[in-house]
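Visitor: Annotations per TrEMBL:
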TRANSMEM  32-52  transmembrane segment
TRANSMEM  58-82  transmembrane segment
TRANSMEM  103-122  transmembrane segment
TRANSMEM  128-146  transmembrane segment
TRANSMEM  153-172  transmembrane segment
TRANSMEM  178-198  transmembrane segment
TRANSMEM  227-243  transmembrane segment
TRANSMEM  249-269  transmembrane segment
TRANSMEM  281-302  transmembrane segment
Amino acid sequence: MRAIMSSSSSATYQPTLSQRITDYYELCKPRVVLLIVFTAMVGMFLATPGMVPIGALVFGTLGIGLMAASAAAVNQMIDVQADSRMKRTRKRPLVTGHLDTRRSAIFAFAIGVAGMVILLTLVNALTAWLTLFALVGYAGIYTMYLKRATPQNIVIGGAAGAAPPILGWAAVTNSVTLNSLILFLIIFIWTPPHFWALAIDRAKEYAEVDIPMLPVTHGIEHTRTQILIYTVILFAVSLLPFFSGMSGWLYLASAVVLSGWFLVYAARLKWRPYPGLGMKTFGYSIVYLMALFTALLVDHYMPVITG
Ligand code: HEM
Ligand SMILES: CC(C)=CCC/C(C)=C/CC/C(C)=C/COP(=O)(O)OP(=O)(O)O
């Protein structure tokens, strides 16, 4: 209802060009897409011992970024009613009426098709189809169905968000390898603690909009246990790049420290919680993934850096 009311304000909204650009930018969930693109780029760099071919780097990054942004825009179009009723998402451009469904649909379609054409023509077909699969997985399967169907929504839906290192790797090698699957596995196992840490602090909001997130269906205590279990698994999985021979000692040391610190957060959340710790853990999860993938990258080029 609020979404419908606020969309009437679009009649009086006369944006400047830069405001309009900001609206489309926000429709793409830019900070999430940025991290997604970064993990895809790390996949590209780790796929080759030398420098990534410039074509794969530029067009692969662009194509994957455009299709991830398209998926995010479709997610906001489908979720406008729920978004209008949650404080965290109330300022999104479709909720405020700064963008309407028609404009957003044309935009999402245009950047999605542009991304697909770039990948098909300038990268390779494997990357293009896998990226389309991820787009459909997130925008279609997760947003339209899973999100409202089961508290395991994000475990299954997380596969789409974890795909980017596979996509980046495929852009360079035209193949899916065990090492790219290890990078996928890290993000896949990271997603539940990333999201549930936020969800335990926002459980009331999700309950009010009838979205069956784990803290709503199984309670906060159970969710804290699940976060701890996934973080223990994440600790082990984050060591796999070292044990598979993909990464060296620098990465191993970084992974132990970063995953160890994540475990401290998860343990505190379980046994010594205090108000706001859920959001702090969520914030750390983002720093964690950024830092872990930076460590993979630095470790990979260490021999070049140190000569
Ligand atoms: C199904 C999987 C996922 C779910 C359910 C999820 C959920 C969320 C939610 C609810 C937020 C809060 C957004 C806000 O503050 O409005 C968020 C933020 C964020 N997520 Fe995720 N996420 C998922 C996967 C990912 C993946 C794969 C990445 C990147 C690799 C990622 C990166 C981020 C970043 C960077 C933010 C901070 C955004 C900001 O500050 O605006 N997420 N996520
Ligand atoms: C093509 C490709 C690589 C696709 C990537 C998919 C993608 C953009 C994943 C992002 C994951 C994410 C932000 C989920 C939150 O959605 P939500 O609806 O639960 O969160 P919200 O309530 O903040 O909207």
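Cβ coordinates come from backbone N, Cα and C, glycine included.
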Visitor: Sort out for me which stretch, of 32-52, 249-269, 281-302, has the most Cβ pairs below 8 angstroms to the transmembrane segment (153-172).
Guide: 32-52
Visitor: Under 8 Å, at least three CB pairs between the transmembrane segment (281-302) and the transmembrane segment (103-122) (pairs 6 or more apart)?
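Guide: Stretch pair does not touch.
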Visitor: Do any residues of this chain, six or more beyond the ends of the transmembrane segment (103-122), have a C-beta under 8 angstroms from a C-beta of it, and if so which?
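Guide: Contacts of the transmembrane segment (103-122) (Cβ under 8 Å, skipping residues fewer than 6 from its ends): 24, 27-28, 55, 59-60, 62-67, 69-71, 73-74, 76-77, 93-94, 128, 131-132, 135, 171.
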Visitor: How about long-range neighbours of the transmembrane segment (32-52): same chain, 6 or more residues beyond its ends, C-beta under 8 Å?
Guide: 60-61, 64-65, 68-69, 72, 161, 164-169, 171-173, 177, 179-180, 183, 187, 246, 286, 289-290, 293, 296-297, 300-301
